[in-house]
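Straight from TrEMBL, the features:
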type     : residues                                                                                               : note
BINDING  : Thr9, Thr10, Asn11, Lys12, Gly13, Lys14, Ser72, Phe154, Gly155, Tyr156, Asp157, Lys177, His182, Arg183 : substrate binding site
BINDING  : Asp71                                                                                                  : Mg(2+) binding site
ACT_SITE : Asp71                                                                                                  : active site, proton acceptor
Amino acid sequence: MATDIIIATTNKGKIKEFKQLFEGNERVIKSLLDYPHIMDIPEDGHTFHENAAIKAETLAGILNCTVIADDSGLEVDALNGAPGIYSARYAGEQKNDAANIEKLLKELEGTPEEKRTARFVCVIAVAQPGEETIYFKGQFDGIITSQPQGEKGFGYDPIFYIPELGQTAAEISSNEKNARSHRGKAIQELLKYKNLFNL
Ligand SMILES: O=c1nc[nH]c2c1ncn2[C@H]1C[C@H](O)[C@@H](COP(=O)(O)OP(=O)(O)OP(=O)(O)O)O1
Ligand SMILES: [Mg+2]
């Protein structure tokens, strides 16, 4: 019997993308939403790598099996890389996408288009009990718009403009996003090693 693939996340946008990116794999994808009794894992690391490891290793320890985690965020050049690892809680502990977007647009008010370059970063950690944690990274370059455009995706997607496509990440299909996104690239790398992790 195939074992489940377990992702240490409560983010529904990420879960949807992981399910699409692992399509063709007969394993069931489970997330922290399937383990409601497990308390929130504090993300108190200083880097994407540290936070991804904290999430993956904590859950791998509790469940005693292989666990994947994704720590990701948006680095804006004009803000010296902020919000970065603080992207989810940029506008406060409630982790509200609309409030985060509003705050970011306010910070960038008056910044001309050529200085609004940014990138999404995703670090995936794979933790296995008794083994070294292994990491995969992906990046996705874009430009921060001056107002939200599009309804798809999640997080900062409505203000993340992709010059080659002339659309924001919230206007393109999930297939188009997964083919070029930070998460899509990190998972493509991970899938090269899937036999190693029994995925
Ligand atoms: O493709 C993306 N499109 C738009 N926004 C994105 C994306 N990828 C990450 N982001 C933003 C959302 C959140 O503000 C932060 C992730 O924070 P991060 O701590 O990794 O995730 P989270 O707290 O939402 O869920 P969890 O820690 O349970 O996986 O970066
Ligand atoms: Mg988080």
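Placed from the backbone N, Cα and C atoms, the Cβ positions cover glycine too.
Predicted automatically and left uncurated, TrEMBL annotations should be read as such.
On the structure: features taken from TrEMBL.
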residue : record                 : DSSP class
Thr9    : substrate binding site : coil
Asp71   : Mg(2+) binding site    : strand
Gly155  : substrate binding site : coil
His182  : substrate binding site : helix
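In this structure, the C-alpha atom of His182 (substrate binding site) lies 11 angstrom from that of the residue listed as 'Mg(2+) binding site'.
Among the binding-site residues Thr9, Asn11, Gly155, Asp157, the ones whose Cα is located within 10 Å of the Cα of Asp71 (Mg(2+) binding site) are Thr9.
Sequence-distant neighbours of Gly13 (substrate binding site) (same chain, 6+ apart, CB under 8 A from its CB) are Gly153, Phe154, Gly155.
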